[in-house]
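Right, one structure below, let's go through it.
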Amino acid sequence: MSNPALLVLYGSQTGTAQDTAQRLARQAQRRRLRVRVMPLDDYNVANLITESLVVFVCSTTGQGDPPDNMKNFWRFLFKKSLPAGSLSQLDCAILGLGDSSYPKFNFVAKKLHKRLLQLGACVLLPVGLADDQHDLGADAVIDPWFASFWGKVSTLYPTLSGMMPLREDEPLPPTYTFHFLDDMQEKEEVQLRIPMDQTVPSQSHPFPARMVFNRRVTEPSHFQDVRHIELDVTGSNIEFAAGDVVMMRPCNAPEDVQQFCQLLKLDPETRFTLSPTDNTAVPARLPQPCTVRHLVESYLDIAAVPRRSFFELLSTFATNELEQEKLAEFSSAAGQDELHNYCNRPRRTMLEVLADFPHTTAELKVDYLLDLFPEIQPRSFSIASSLRAHPNRIQVLVAVVCYKTKLYKPRKGLCSSWLASLDPAQGDVYVPLWVKKGSLKFPSDKETPVIMVGPGTGVAPFRSVLQERTAEGRTANVLFFGCRSKSKDFYFRTEWEEMMEAGFLTLFTAFSRDQEAKVYVQHRVRDNGELLWDLIANKNACFYIAGNAKQMPASVCDALKEAFQQAGGVSAEEAEQMLATMEKTGRFQSETWS
């Protein structure tokens, strides 16, 4: 049997599955296998019947949903019209990336595995279920799974074992080659153009929305900087409903761009074109030609905490013995604890790692930049406004992430810090964005009461639905809002008070630090059991939770079940069953983030 060509297909939301797929592809290259790696939605799924060896690497998002870049593939694969044995020629393997703190842990990989078996595919080894919650992270499953996979492949294709693999410290060819242009050529500004056609903005064609205002809504003395931001989407064809999210791709800080260019001795104003070394497409988001500044500012995620693959690739350039030794340790399975302490725990960035390994950084070849650094991923924010109340506008509520670790420099959230730095008072500022369906779905029936629990910035999607329901004259709205202090971080207080006065809102607040004993939203839920029981049991109310995923959602659920028992006189088992039924029928929904 001749050596196979390996196809690695991935579904990735945050870049982890993509990184894992690329790691497997590099292992294949070292074994001198022909390999292609691509997102599932870039692949013509009808060609699967002609493939001999495929690995699927998929993460699970939201409430057990497939990532955005495999949704078309997912729809096609689950068509009832597909014949049962249509993939009988296919040898494949499935690796799932998930987080066991979520109820639908690795749901996508499990469901994909089941479907491929139904279609007659030969699955070479048990589905890998990597778990972020494991002490050693996802690698605790990925490493042994990779080893099993290669064991299976060498049994299937014995000729492979006769080939001498490339050494680990030997650099593989880069995916792209940079061609720097003569400085004498006329320089073009990379500009965001407002699309003139009637397309709806998307990830590949974002709409440059003008920032209207950027206001801090917490007291200056408060530790947390939270921004209320409005963006003008006039002429964009964007439509959205309550519960939807806006996607934005941030830029790196100017000082980071400058430091990166200095470390790599690059002139930010130099222009280049890219050509692929094999049949990979040039990233559509990069203009051709492109300036180094645009590449570093808008594309390379230099402020991310590096993954193990970064050190694997970096180690192939090391000539300094000390640095080589350390990079080899960070790349090895045995060195993962050490790497965790160096990188993950203090949240050290890729840029800081380059500064820590000056000799290796000096040896870096520019052609490898797109192999070393992942693309900046889009960030999502719950839309905090309704088109009924604010036509042609999108508003968001953004907590600016900034915290200390053992490192001298405070850690900053890339997108929230970038947004906070934009000042429309200094001139026009544009934010490229597009809108996506959110996971929260609100009732279309006007009479259905809505109960919302949204502490902190979790209140954002509920402001959107309250503006919508108020415009439609719906009055059965109950909001539980929690924050630290009534005077420091009570978001949209005036609006809530106006809605209450007009009879559109029943509001319960929990200000955790305004008295000696801490009070949270779950306490308010427990205190109002009678009202909640009446709304849920007698009036078919829907119950929503949005906010931080730490303890709040579980505590609110416990408080709600307690309310069912005390006000409704049901047993603990019946209360549990009630909540499970509400969840199944869409009457209990949550959107949480960590």
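Glycine too: its Cβ is placed from the backbone N, Cα and C atoms.
Annotated in TrEMBL:
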type	residues	note
BINDING	12-17, 59-62, 97-106, D132	FMN binding site
BINDING	R347, R379, S380, F381, S382, G413, L414, C415, S416, W593	FAD binding site
BINDING	T457, S512, R513, K518, V519, Y520, V521, Q522	NADP(+) binding site
DOMAIN	6-150	domain 'Flavodoxin-like'
DOMAIN	204-443	domain 'FAD-binding FR-type'
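Residue counts for the domain 'Flavodoxin-like' (6-150) under DSSP, split into helix (H, G, I), strand (E, B) and coil, are 58 helix, 35 strand, 52 coil. Note: the Cα of Y520 (NADP(+) binding site) and the Cα of S59 (FMN binding site) are spaced 33 Å from each other. Within its own chain, S382 (FAD binding site) has G243, V245, V396, L397, G438, A460, P461, S464, A546, E591 as residues 6 or more apart in sequence whose C-beta sits under 8 angstroms from its own.
For K518 (NADP(+) binding site), the same-chain residues that are 6 or more apart in sequence and have a Cβ closer than 8 Å to its Cβ are S512. The record assigns T457, S512, R513, K518, V519, Y520, V521, Q522 to the NADP(+) binding site, and the maximum Cα to Cα distance across that set is 19 Å. When each of the binding-site residues L414, V519, V521 is scored by how many other Cβ atoms sit within 10 Å of its Cβ, V519 comes out lowest. Site extent for FAD: among the recorded binding residues R347, R379, S380, F381, S382, G413, L414, C415, S416, W593, the largest C-alpha separation is 25 Å. Looking at G15 (FMN binding site) and Q522 (NADP(+) binding site), their Cα atoms lie 34 Å from each other. Put simply, S380 is the one of the binding-site residues R347, S380, L414, S416, R513 whose Cα lies nearest to the Cα of S12 (FMN binding site).
Averaged across the domain 'FAD-binding FR-type' (204-443), pLDDT for the predicted model comes to 95. For L414 (FAD binding site), the spatially nearest entry among the binding-site residues S59, Y102, V519, V521 is S59, judged by CA separation.
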